[in-house]
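Feature annotations, reproduced from TrEMBL:
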type	residues	note
COMPBIAS	23-33	compositional bias 'Basic and acidic residues'
DOMAIN	66-324	domain 'Protein kinase'
DOMAIN	370-405	domain 'EF-hand'
DOMAIN	407-442	domain 'EF-hand'
DOMAIN	443-478	domain 'EF-hand'
DOMAIN	481-511	domain 'EF-hand'
REGION	19-38	region 'Disordered'
Amino acid sequence: MGCTGGKVKDIAVPIRPKSLRPNNEEKKLKDDTLSESQSIKSPNNFTLIQNERKIFVSGESFLDIYDVQEVIAMFPYAEYRKCIHKKTGLIRSVKIVPIPKSNESYFDEKSLRREVKALSKLDHPNILKIFDILADDKRFYIVMECWDGGLLLDKLKEERVLTEVQVSSLIEQLLSAVAYAHDHKVLHRDLSPNSICLMKKGNDLIIKIIDFGVSAFVDMSRHYQEKLGNSFYTAPEVSDEFYNEKCDLWSIGCIMYLLLTGKAPFKNRTQKELELSLKQDLVDVSILENLSISGNAILLLKDLLNKDFSTRISALAALQNPWVKNFRENININPNILQKSMENLISFHCSSKLKDGIQAFIASQIMTHDDSEELLKAFKNIDKNGDGKLSKVELIKFYSSVMGDHVGRDFAKETLNNVDIDGNGSLEFTEFLRASAEHQLLLSKKNLEVTFSMLDKDASGKISVSELQEMLENTILINNQTWQEIIREADQNLDGEIDMKEFYSLLINKF
């Protein structure tokens, strides 16, 4: 371990982002959007309901809500920009997708729907979260959590060299995200260094998968035949139009090879030559041996780049390779954070559906990466198989390591009963975050003020019960009877509105 990879060269690079567009181009984007006479009002074909959680196109103008900032990344048919929520100051990123004129055919409405549906379904610390969708006559705006560390390819081009430990960290995160996505029947199908972003600049290589535009929701027992464009990272079976979820593992293998050596494992001048090379040529591992890359890393690479996808390794199995597993087990974590997480999980009991919904909303949409960074390490420490969720068995092991097996089992059962919002028998990251975070952080005055401001759309100083319901409806799954309980709880003076003092009192003073 600790060996460095080679220099990055001979990589096919798509349209590159500029750090900042010229002022006149920035102004053009704003002027074009503001000049539209009417925003699109929640078109039916973009009203997506996945697991009863709604993601919808807002009728509000994007530029009424957000200030547009610099370009983060540029792609042929979309760009990512930093943006700031005007009322709260929350920093987001936005994917801007132009809507073409009627005689242009490149716009793929289906791919946009796929991306929204995929991102709204997945709750994993290494998959970019989606918050809102807005539209005008010229563009769709997908508002997501902020990332400003550039693309993984940018990191490679800037630094040229990554250590084997750094690569192990990146591949562990990728495998965990893909294992989670596959468990939720989602294939990415286009993984590459251009679909992986870094949360922030520097040596802290926390990644998020983006660009689910060609993703698919699948039955894992079936094979798929949709033709996709080939690249250096596309599995050979895809060109045969007969593949399954293992195509994502091939892509991870290609990315891993690139990170370790600085070269793509397969490269030819024409598309036809590339397809032939993918099917016939063996991966050259001698370069890895010459770089003194560890044996377990080479073994994993061979398993990922197995041309027979029926026997290619799965994401969950790849996470058990010692090269990946050892990294996960040796994550440096403050023992006090781990202990406090355990105490908060054990003591978590939400006496109020309102408080439950607000906590989930804050954990999902307001807490930043910096806020949750240490808790993410705790989550990974408990998540022994790396699949991006905490099972009952993993919780039992976590508690039993301190309390003994019998008590550990009881607390694991109680934690799932109290924290598992969707009732799937495990804890996703947001569920863990809302229960393990310090209440002083989660329900801080600042977070409550931001939450209230986001609900108070007309800046009247009050929020309606219907606005509160809309927020909670997109955060937790509850039935109509529970809605009545929440409404009675919130609207104490029966005037149909809640002011900041009442809102704060309900969440802090009463509970």
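Backbone N, Cα and C define each Cβ position, glycine as well.
Since the structure is predicted, the reported quantities are computational estimates derived from the model, not experimental observations.
Through the fold, the domain 'EF-hand' (370-405) approaches residues 124-126, 172, 175-177, 179-180, 183, 206, 316, 319-320, 324-325, 328, 331-334, 337-338, 341-342, 346, 411-413, 415-416, 425-429, 432-433, 436-437, 441 of its own chain, all at least 6 residues removed from its boundaries and within a Cβ separation under 8 Å. Taking H, G and I as helix, E and B as strand and the rest as coil, DSSP gives the domain 'EF-hand' (407-442) the counts 25 helix, 1 strand, 10 coil.
Per-residue pLDDT, averaged over the domain 'EF-hand' (443-478), rounds to 79. DSSP states for the domain 'EF-hand' (370-405), grouped as helix (H, G, I), strand (E, B) and coil, give 26 helix, 1 strand, 9 coil.
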